Amino acid sequence: SKLAALFEHPLYNIPVPEMTEKDKLFVVNPMEKFSLHSSRSDEWVSSSKAEALLPTGKTAYDTYPTWLKFHIGINRYELYPRRDPLLPTLLRDLATQRIVSSVQKSGGTQLKLIMTFPNYGQALFKPMKQTRDQETPIDFFYFSDFERHNAEIAAFHLDRILDFRRIPPVSGRLVNITKEIRDITTDKKLAKTFFISPVGNVCFYGECSYYCSTEHALCGKPDQLEGSMAALLPDKTLAKRRSWRSPWRRSYHKSKKAEWELNPNYCTQVRETPPYDRGHRLLDLIDMAILDFLMGNMDRHHYETFEKFGNDTFLLHLDNGRGFGTHSRDEPSILAPLQQCCSIKKSTYLRLQLLATEPYRLSDVLREALAADPLAPVLAEPHLQALDRRLGKVLLAVGHCLAR
């Protein structure tokens, strides 16, 4: 296994700094028993009279559902640890746990659902809109492209292979539209949009600002629909997040260009602007640009951080559905932060060099990681080949910087 060998490599075993209480998102007494309010909120209720050991001989922590252990494990340095024993269980839960509620997530240009499981865990469901081999048409603007469910799955695994670990776990899942959405939804607006197509397939389209109409309906075969299930982060009432506008955000206009596209010295002013004027925030942003270039994702207008950790923490790489839309061409402008700032973390550079070598080839390790997903094959083969080509271009860009 190339993937197992990669994770055994010394570059993937650099220890995280010593953890203090203020570095953890939640400070939890592992002997404390938690139950959950059933008012459909994420609120934990502590029962401090809990015994240190339960009658079964387990501690209270052992009885927490996997999603809750995932939330408790989040810290200043990582969303989940490299050798996280919870990960296989969490991915399996996302793929197999019974769905007890499906409601539409508000906001956004495309339809997304929030699915709830019997243990109060929740996942964000993005349905399949295109087949694996449909490329984004060359005349499409990046902001009018569909989001892809398989891009969300592949992005999670790619982010982990790059050792960023900043994307919440995602699994593919085959959902029964009738039993797991239509029959159990309490969302009246969503319920009104179900219909049976002329060939007898169950379809629905929901309510949203762009792609929610009969023409853009999601249809099962006859009621089976593929989608991605992403583990939700802790509720914002429990763990506030801050949204930051990316300095390299595109103009989202058909003819206007953003300032960074016109000013070759743009990075100089970014370096003087908080929070990019100190710490590793700019380097984290360059990591994110490299991830986006490898996926071909041009739609990174914002990123988020956990407020508790201030500026000294990792960036959350959320919403990756516009990646992997095209494999036949690359978008060099995504690499602007790297090319204009000529900066990269040493650890990132060394790992990229490693992933360009035969024993750890990026396309091979990602193919292996994706083979375990319930919807495998997740990516069409040309997308995997494109990763190796794009990785070569990232290393070339770093080479030009070193030469300068």
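Just so it is clear, glycine is given a Cβ too, placed from its N, Cα and C backbone atoms.
Here is what TrEMBL says about this protein:
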type     : residues                                                               : note
BINDING  : GLN110, LYS126, GLU147, ALA230, ALA231, LEU232, LEU233, GLU304, ASP319 : ATP binding site
BINDING  : GLU147, ASP319                                                         : Mn(2+) binding site
DOMAIN   : 194-403                                                                : domain 'FAM20 C-terminal'
ACT_SITE : ASP299                                                                 : active site
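GLU147 (ATP binding site) sits 10 Å from ASP299 (active site), taking the C-alpha atoms as the reference points.
Maximum C-alpha to C-alpha distance over the listed ATP-binding residues GLN110, LYS126, GLU147, ALA230, ALA231, LEU232, LEU233, GLU304, ASP319 is 20 Å. You'll find the Cα of LEU233 (ATP binding site) roughly 21 Å from the Cα of ASP299 (active site).
Within 10 Å of the Cβ of ALA231 (ATP binding site) there are 24 other Cβ atoms, across all protein chains. Sequence-distant neighbours of ASP319 (ATP binding site) (same chain, 6+ apart, CB under 8 A from its CB) are ASP299.
Over the domain 'FAM20 C-terminal' (194-403) the predicted model carries a mean pLDDT of 95. Note on the recorded positions GLU147, ASP299: the fewest other CB atoms within 10 A surround the CB of ASP299.
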